[in-house]
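Encoded as structure tokens, the structure appears first; notes follow it.
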């Protein structure tokens with residue numbers, strides 16, 4: 001009997017996948033256990049992640065003579081360019097784990113695939129070929145047509161890029177729930193906006209108007225508020241529409257998420273944007289504002305409405321909001337994301353502060369266990385001396401109560417103790433963005 005042998009390319013792909021699974025598997029399995037997944041569910045979702053995430057994280061890193069790992073492509077998924085991110089969503093009715101990633105192709109970042117558009121196509125094709133679950137390709141094809149760019153324009157686009165601007169076009173995430181998780185696809189329109197000499201927000205607005213859906217009632221709240229906010233401050237860059245995401249399912253059932261970023265970090269501005277200047281109203285909105293105030297007090301140590309967080313000039317500094325739209329929905333649903341890695345201190349301090357916050361918003365069991373559980377998920381890191389494992393914390397409030405999401409950098413390229421030019425501990429944020437790699 002002759003043993004089957006893998007081709008050199010297949011063998012390399014298998015080695016790459018084994019590397020990435022080793023990178024994330026312990027943390028993923030630990031977080032699923034902490035979140036209450038059964039052994040059977042952990043096995044089920046591990047196989048799913050191997051098939052649709054790990055297999056497309058790209059070539060394993062190159063290691064220098066000093067042992068430093070270099071990424072194949074500088075992914076915007078994380079500050080240190082790690083292509084995978086884990087998150088833990090908690091609510092009063094339970095919790096779940098999400099896996100996000102930037103699928104990375106062999107030629108990502110080079111003149112053949114400058115903005116890494118090839119591998120996301122591979123992942124979506126693989127999901128659609130399988131034909132299981134609610135996944136649908138109509139929205140993917142629509143947004144790809146409008147927001148992807150031809151590789152031949154790479155040099156023209158990169159010539160216009162700020163030194164710290166990223167090269168990512170797509171990321172994909174999966175909530176690990178149900179028989180077959182459906183993808184949420186993110187489009188970052190930086191390349192196309194530079195090519196067309198237009199603002200990303202204008203492109204997003206134009207694309208939304210062309211969808212065969214009725215998103216206008218909700219989107220008009222966002223458009224009108226952003227216009228007035230910028231006009232009042234005479235500052236085009238003060239609040240930016242940065243990206244759009246959607247559930248890759250039947251369009252009429254999909255959620256669309258519009259992401260905005262501001263460098264203003266005081267509580268008063270966060271509340272103003274979260275409520276779209278007071279146009280979003282009701283008990284859930286009021287409770288969401290109270291949740292944000294509690295987070296600022298317990299985790300960030302601020303209560304004064306006009307007091308800013310410590311200044312950071314990093315590309316990912318500031319506050320992010322997403323406004324969720326659906327077909328025929330009358331008003332958007334807001335959520336805010338705070339990049340705690342820039343404002344919360346060491347990972348141990350963040351974990352301890354989150355425990356106090358969890359107790360304040362009605363999660364006593366998580367308050368008792370969180371510090372131990374998160375360190376168990378990432379055991380190789382000394383949380384007391386490093387920064388960057390906690391990347392964002394997302395906050396929203398719905399009919400079921402507070403909804404909090406912790407996002408974790410998998411830190412393939414950072415150990416968390418890196419310092420900037422002034423000697424300040426910044427962890428993954430010390431990394432410098434590269435553009436074309438050939």
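All positions are counted from 1 along the displayed chain.
Cβ coordinates are placed from backbone N, Cα and C, and glycine is handled just like the others.
Automated prediction, rather than curation, is the source of TrEMBL annotations.
Among the features that TrEMBL reports, L-tryptophan binding site is placed at 85, 188. Here the Cβ of residue 188 (L-tryptophan binding site) has 23 other Cβ atoms within 10 Å, regardless of which shown protein chain they belong to.
All chains included, 19 other C-beta atoms sit within 10 angstroms of the C-beta of residue 98 (dimethylallyl diphosphate binding site). Residues annotated as dimethylallyl diphosphate binding site in TrEMBL: 98, 184, 186, 255, 257, 259, 337, 403, 407.
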Quick check for the class: what is the C-alpha distance, in angstrom and rounded, between residue 85 (L-tryptophan binding site) and residue 407 (dimethylallyl diphosphate binding site)?
7
Under 8 Å by Cβ from residue 257 (dimethylallyl diphosphate binding site), counting only residues of that chain that are 6 or more apart:
184, 244, 245, 246, 322, 323, 324, 325
At its widest, how many Å does the recorded dimethylallyl diphosphate site span between Cα atoms of 98, 184, 186, 255, 257, 259, 337, 403, 407?
21
List of residues, in chain order, with Cβ under 8 A from that of residue 337 (dimethylallyl diphosphate binding site) and at least 6 apart:
319, 320, 321, 322, 392, 393, 394, 395, 407
Around the Cβ of residue 85 (L-tryptophan binding site), how many other Cβ atoms lie within 10 Å? Please give the count over every shown protein chain.
22
Would you count the other C-beta atoms found within 10 angstroms of the C-beta of residue 186 (dimethylallyl diphosphate binding site) for me?
23
Through the lens of DSSP with three states only, how would you label residue 188 (L-tryptophan binding site)?
coil
